[in-house]
Amino acid sequence: FEDLDHVFEMIKVYDGNSSFRRRIFRVITVSRQATTEQLLTTALRAFHITKDPGNFYLTDIYASEDTRLAEVRLTDPLPVMNLHRKEGKRPAVFLRFRDRDNDSGEVRVYPGKLQVSEAYCTVPVNGETTIADLIREALIRFGLENFKCEDYRLSEILLDRGVTERVLTWDERPWEIVKQLGKDSIRQMELMRFYLQLKQDPHGPNLALFVGNLPPNLSQRNYENMLTEFLGKENKFSSIGPIYYEYGSMVITYEDSNKAVRALYILRETTYDDKHLLVMLLPNIEPSMVPQGVQPLLVFVNVKSGGCQGLELISSFRKLLNPYQVFDLDNGGPLPGLYVFRHIKDYKILVCGGDGTIGWVLQCLDNVGQDSECSSPACAIVPLGTGNDLARVLRWGPGYTGGEDPLNLLRDVIDAEEIRLDRWTVVFHPEDKADDKGQQPLNPSGSTSEDNTQIFVMNNYFGIGIDADLCLDFHNAREENPNKFNSRLHNKGVYVKMGLRKMVGRKMCKDLHKEIRLEVDGKLVELPQVEGIIILNILSWGSGANPWGPEKEDQFSKPNHWDGMLEVVGVTGVVHLGQIQSGLRSAMRIAQGGHIKIHLNSDIPVQVDGEPWVQSPGDVVVLKSALKATMLKKNKIKRRNTEPSILPANGEGGKSSDDIDATMLKKMKGKMKRRNTEPLMLVSPGAQFVVAQDASANHNNTAF
């Protein structure tokens, strides 16, 4: 690769002053012979910016520092070779918006809750245009010219870190707002929107607050008394509910918006058991706002999965979709989003995370489904975890790399087919022991009854023995140093090291076949000499391995994840596990059936969908769950180019993203009713619908 260093150069790209201060950049790799146009196109692609490259330019960061003068623009010939360099650092450039060269442009105004047919309107602006002018022109373009301008307000929505809203004053200048954002961060400028709203909400003044981090499983009266004590009687809520008892979370509603805002700030400063309460102001989405035949998309992102990829995705989806339909799972989990969509009769879910994240969302759906209009929305996946076994089976891939255009991910959700996923109830009933109740799961996601019976829902697989023992060691190591486990490669390396230690150390699972008794569909199964058994619902385990192996002639039927059957396989030890994961061998096929009972004679490591612990002696029963899951399976279609299409600097040639959207719409005709060029149903802050790409964008001006 040393020879390539003489041909290619890695360059850090900062998209503004704020990004430079925060040390947030993207790295691009370009030829040292690249032209300025090629360098600019690559930089724009790194930030998924599809606007006309003629509106942007690049400057040499270190040249500006050396000369103490204005920023030095990159020019031909050989802009890469002419970059200033600092010892031990990669060359760095600023991506800049041509604000001085653009005295005018276009901004997009979105209609919020206004009942209009357009998803947005595009309004020409210049340095003299005020917010009052913009409101007046937007009303005309939305066909609302007969309404009073004074009854409306315009808000600036920023989507960079979370969703923030600022009501603009009438004398502010929108084009100056855009240009100032561009100086701080081109990405933030791209993630900013103007929303037109009535000053008085026609859907009523009710405001809902989601409150979490309270103790679980208290009575409604106890929760009401606790919140009243925190808030004071003068700020008491109008109603409470639903209450998610096992999570210690609930929704409280106010009829007075001023009182709701006071309560929001009071509760955010409140602590219980040394933990701050989690408080969110929830958006209101009414079914009447969703056109007939349309499926809105609810997006959940686990920002802690996949390194920084979760943060990148949540920003991208908040730009492409409406920000209020994209939820950060680190902020209240899936419950707030499911509550907001509870009255929508037909919608889809996109889960960005690992297998554990998908299980979390499905578990919350189980708990709130009976109170929702849509009890089992179809779920798609963007795999961000380490294993991603369910995502692999459903063709969503081994893991999101960051190279795919997020808009293409949304297209894949549209094209995906619905498929059923069997789910299973795993019941652990330990033997009665006065002095030993056995270990509890490290992060219990099941329920426990008075007789110490524990119940879990299994989506993927259930392991007993050596597989669970390794999983437990890995889990403990990650709990001790979570910051070290931020890449798939590192995680797999840790697994390998732990496996090698197991080979030479004490064998806790030796002669496992003597420590358990297995019954399948009421028949006793004689176990071979194994150190572990794995019960499979899906044919992917351990980051993509298939323990069941390829199809062959035997007494077993061909398995799938909707046939009401489980597959039981055995592994002889750590070496066998490694051979299965590397594809050299399959596991030992033991049984196949729909009802499994296992008796444990001693303390044995177990894991359900990657959640491990040591289980005390007793009975384990695996039976078909009444809970259903509808998943989305990615279609086997040739994926279009994963990079966004960018027009050349002269605006001619190439294929724009608008052309791609038009092609996509033709494919969707008859499946969904769309207006304009909407590739997906996107809910705006007031649940009006907006488009991801503009088929009528004028590349001579810049639209935001």
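A Cβ is built for glycine as well, from the same backbone N, Cα and C atoms used for every other residue.
What TrEMBL says about a protein is an automatic prediction, not a curated fact.
For 11-100 (among others), the entry in TrEMBL reads domain 'Ras-associating'.
Across the domain 'Ras-associating' (103-201), the model assigns an average pLDDT of 85. Here TrEMBL flags 103-201 (among others) as domain 'Ras-associating'.
Taken from TrEMBL, the feature domain 'RRM' covers 207-284.
The domain 'DAGKc' feature in TrEMBL is assigned to 292-430. DSSP places the residues of the domain 'DAGKc' (292-430) in helix, strand and coil in these numbers: 53 helix, 33 strand, 53 coil.
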Note to self: Is it true that the domain 'RRM' (207-284) and the domain 'DAGKc' (292-430) have 3 or more CB pairs under 8 Å, sequence gap of 6 or more?
What the structure shows: yes
Note to self: From the DSSP assignment alone, can you count helix, strand and coil residues within the domain 'Ras-associating' (11-100)?
What the structure shows: 26 helix, 23 strand, 41 coil
